[in-house]
Amino acid sequence: MTKEIFDGESARLTMKELRETYSSGKTRTYEWRISQLNNLLKIAEFHEKEIVEALRSDISKPEFESFVHEICLIKISCKLAIKELKRWMKPEKVSTTLVTFPSSAEIVAEPFGVVLIISAWNYPFLLSLDPVIGAIAAGNTVVLKPSEVSPATSSLLTKYIGEYMDSSAVKVIEGAIPETSLLLEQKWDKILYTGNSKVGRIVLAAAVKHLTPVVLELGGKSPIIVDSDIDLKIAVKRIISGKWGCNNGQACISPDYIITTKDFAPKLAESLKLQLLKFYGEEPLKSDDLSRIVNSNHFNRLIKLLDDDKVSDKIVHGGQRDIQNLKIAPTILLDVPEDSLIMNEEIFGPLLAILTVDHVEESFNIINSRPKPLAAYLFTNNKKLKEKFVSEVSAGGLLINDTTLHLTVPTLPFGGVGESGMGGYHGKFSFDTFSHKKAVMYRSYLGDASERYPPYTTRKLGFLKAVMNGSFLDIFRAILGWS
């Protein structure tokens with residue numbers, strides 16, 4: 001079947017339909033929102049097999065990871081929104097001041113309007129639909145632009161969103177750079193982009209022309225500090241799970257490098273090697289439990305990092321590659337210099353560098369001298385080190401004694417800071433991200449104070465000062481004319 005061409009006229013007509021749908025008011029109703037969320041949930045519940053097959057086609061993602069990291073998380077997110085929607089939509093009552101007495105006030109969450117979501121290729125099902133859940137729950141009309149780098153999942157989303165969702169309010173636009181550029185030329189009420197910082201800057205520049213608010217979910221080099229007073233066996237399993245068990249390192253919150261002491265590094269590296277052998281065998285390139293590298297461009301980029309003269313002799317485990325099947329074995333590099341290529345760009349693959357320091361506290365200076373990462377991890381039993389980590393390390397999210405799991409907690413916001421992004425979502429934070437918090441105050445015609453109106457006098461000024469200071473004694477004195 002030939003796909004429809006998306007050109008300038010198509011973009012104009014798409015925006016016109018979405019604006020008309022939003023203006024009709026139907027997306028603001030609880031009934032519409034809940035019906036669309038239920039329909040979206042059906043996609044995840046009724047088509048697990050097709051989703052797994054699409055993810056396998058795009059990136060050879062293991063079925064286990066497809067279900068646990070993508071399908072299951074979408075189900076949880078959708079069910080939470082369905083359960084909590086009425087409460088989220090309810091205006092939040094807030095207190096007022098003596099200046100406005102008598103009065104009442106509330107914060108009303110209203111949808112932004114027409115929003116654009118541009119998703120990424122590494123978790124193409126999760127990162128497409130999770131923001132859509134928030135946008136629909138908040139009452140917006142939505143355009144989803146899936147990544148062209150994951151074509152099977154993009155096609156699947158187009159098919160099932162078209163079948164299950166209200167096509168006048170929720171649309172999928174497939175394509176590559178030309179289609180994305182056309183979309184970015186339109187006036188949106190909010191944009192959420194997930195991907196790399198280079199494209200993030202392009203999205204932000206396009207949004208500035210229309211003063212459109214933007215959420216950028218980017219990435220960065222997420223570090224792990226490993227202290228020596230830990231349960232090494234459990235720590236190593238959790239590091240491997242967060243690195244190679246998350247799309248073979250192709251995840252925005254995947255651990256990028258480890259910092260540990262010179263004395264402890266050999267023991268840590270040896271433990272990682274032994275556990276990797278248990279998990280993925282003597283021939284990891286043949287393992288069905290590891291995703292492949294998404295395409296030849298990313299494969300060649302990773303090989304360039306691996307073959308850099310400054311680190312080529314630092315490989316203590318792995319390093320095997322299969323260019324035909326786009327696979328690279330889990331690889332550990334020990335005592336990597338900070339000026340190497342691998343330490344100066346996000347790895348986003350199955351390579352894990354280990355930096356060494358004399359004292360574990362020196363790790364904080366290394367992390368803080370670099371752009372703020374999307375995530376940072378610490379393994380320790382030292383209470384003071386935990387407190388120092390939380391107070392001194394700035395990152396999108398922190399996790400102590402594990403990796404990546406904070407992403408699954410809907411009561412925590414997920415987002416970056418600085419170079420790793422701006423804004424956040426997940427759970428109620430998704431609803432808030434796609435809602436404008438409108439301030440509303442109510443007053444009656446009672447209690448109208450003549451002191452606020454001209455002609456202004458010293459007595460009136462004294463009374464208003466007393467009111468604004470909130471002192472009942474001063475108000476009483478002002479009423480009596482006492483200075």
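Note: Cβ is positioned from N, Cα and C throughout, glycine not excepted.
What TrEMBL records for this protein:
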ACT_SITE  GLU217  active site
ACT_SITE  CYS252  active site
DOMAIN    19-440  domain 'Aldehyde dehydrogenase'
Could you tell me the mean pLDDT over the domain 'Aldehyde dehydrogenase' (19-440), as a whole number?
97
Integer Å distance between the CA atoms belonging to GLU217 (active site) and CYS252 (active site):
9
Please identify which of GLU217, CYS252 has the densest Cβ environment, defined as other Cβ atoms within 10 Å, among these active-site residues.
CYS252
